[in-house]
Amino acid sequence: LFLAVCAVGIGGTFQYGYNVSIINAPTQHIHRFLNETWNSRYHKELNPDLLTFLWSVIASIFSLGGLCGALIGGSMAIQLGRKGALLMNNIIAILASILMGISFPTGLFELLIAGRFLIGINSGIGICVQPLYIGEVAPKHLRGGMAMGSSIFLTGGILTGQIIGLRELLGGETYWPLLLSSSCFPAFAQLLFLPWFPESPRYLLIDRGDELSCAKALKRFHGSSEYRREMEDIQRECFALVGEKPKKPWQLFTDRGVRWQLITVIVMAMGQQLSGINAIYFYATYIFEQAGISAEKIPYVTLGTGACECLTALTCGLLIDYVGRRYLVIGGYLLMTLWSTVLTFSLTYQELYSWVPYVSMTSLFAFILSFGLGPGGITNTLTAELFIQSSRPAAYMIGGTISWISFFTIGMLFPFIVNGLKQYCFLVFLLECSLVAAFIFFVIPETKNKSFLEIKKEFHKLNFGRNT
């Protein structure tokens, strides 16, 4: 089971984290490349406004690709199977790497844009299908910890991207095309390791009706003595569905039986993206400068933020099956509310005392730790748990779409929010974090150690009223 999580993680959410973080290091080199290419083509200087526009297209086309990936990921998981979809997804990553790698020698920045779009599609599919596979192969007493594998690989991807993007490694002027095309390595690793693991047993029995392959897969994952309990659980779900076909995303919106599950997924996906975590990274450089850290050393201190997220994802993975989902998410959002308050005060009085910048720095790391402890990892885990087999891929498509749209929106609007509100921008995030915490407190039941059918029963009361 542990090796299966690693095999799906390396080509799944790892790619998302990795490709989000590697684009930061070569910013100046890509600017120079755009200028030189424009000059050699049209024999004139590139207008600074157009340069900014081209750079923002290169950076943000990734989230547009992610949105497309989220829209097709669920369908791929139904047609090709969870494992088949992940394997096919690596072809897109390899093609993207080739395009980004040859953009510099050929002098075609359009290939860079196309490559970023394709790697976005790869990340969108990976974020959709990987938690689906892990959620379906995990026994219920380990489901939370295993599902956190998605978050651990995502934060591991961010940290790896930050390390490889250092100028001593591939972040220098000579090697940046190699840095952007290095995402083919996780893809090759998954193509090498994932074929050794079985397809999701739930998919084999419920979607394909193949009881023999399901039993064989369960024996591989749970051992010959333990697999029967899981088999019975899957069979119960199969009888409850009585041949129900996998649902399309739009069918979920009209199904009263999943109304509150769907609202929960939408609120959690938006809450995660709009929580202010992007603002923290945006402000990091300024906060470190104020604390007296020199510009050359800031990339190394930024590694601390990546390490922080990775550490809390691991901690959350260890705690989730003991503490439960609700306490961790509510606690995470409430702590983020607290640190947003502290950060607003410390940024306001930054110049007043020499020790205030260090309070800002502490708040920054504490905010990231709080995010990783709950909202960062559990959002994806809950999507797998709140829906039964026929609705799960569609739920991931909806959750993924909302998440990518929120990611894109905050990327576009965020600079204006910061310019307009300055340090008070954290008051917006403070309000958002406390509202999401309140929603979870009043709506979401605990899903720890419950089968998918038991969780469905819990929501039945909410969807149809107490008396039914």
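Glycine residues also receive a Cβ, built from the backbone N, Cα and C atoms like all the rest.
Nobody curates TrEMBL annotations by hand; they come from automatic prediction.
Feature list (source: TrEMBL):
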DOMAIN    5-448  domain 'Major facilitator superfamily (MFS) profile'
TRANSMEM  53-73  transmembrane segment
TRANSMEM  85-105  transmembrane segment
TRANSMEM  111-134  transmembrane segment
TRANSMEM  146-164  transmembrane segment
TRANSMEM  176-197  transmembrane segment
TRANSMEM  262-286  transmembrane segment
TRANSMEM  298-320  transmembrane segment
TRANSMEM  327-349  transmembrane segment
TRANSMEM  394-418  transmembrane segment
TRANSMEM  424-444  transmembrane segment
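Tertiary neighbourhood of the transmembrane segment (298-320): same-chain residues 21, 25, 144-145, 147-149, 151-152, 154-156, 158-159, 162-163, 165-167, 171, 280-281, 284-285, 288-289, 328, 364-365, 368-369, 371-374, 376-378, 381, 448, selected by CB-CB distance under 8 Å and a gap of 6+ residues from either end. At the 8 Å Cβ cutoff, the transmembrane segment (327-349) and the transmembrane segment (394-418) share fewer than 3 close pairs (sequence separation 6 or more) and do not count as touching. In summary, the transmembrane segment (176-197) lies against the transmembrane segment (85-105): three or more C-beta pairs, each 6 or more positions apart in sequence, are under 8 Å. Long-range contacts of the transmembrane segment (262-286) within the same chain: residues 252-253, 298, 302, 305, 329, 333, 336, 340, 347, 364, 367-368, 371, 375-376, 379, 382-383, 386, 395, 398-400, 402-403, 406-407, 410-411, 414, 417-418, 425-426, 428-430, 432-433, 436, 439-440, 443-444, each at least 6 residues beyond the stretch ends and with a Cβ under 8 Å from a Cβ of the stretch.
Under 8 Å from some Cβ of the transmembrane segment (85-105) lie the Cβ atoms of residues 8, 11-12, 15, 33, 73, 76-77, 79, 111-112, 114-119, 121-122, 125-126, 129-130, 133, 176-178, 180-184, 186-188, 190-191, 194-195, all in the same chain and six or more residues away from its ends.
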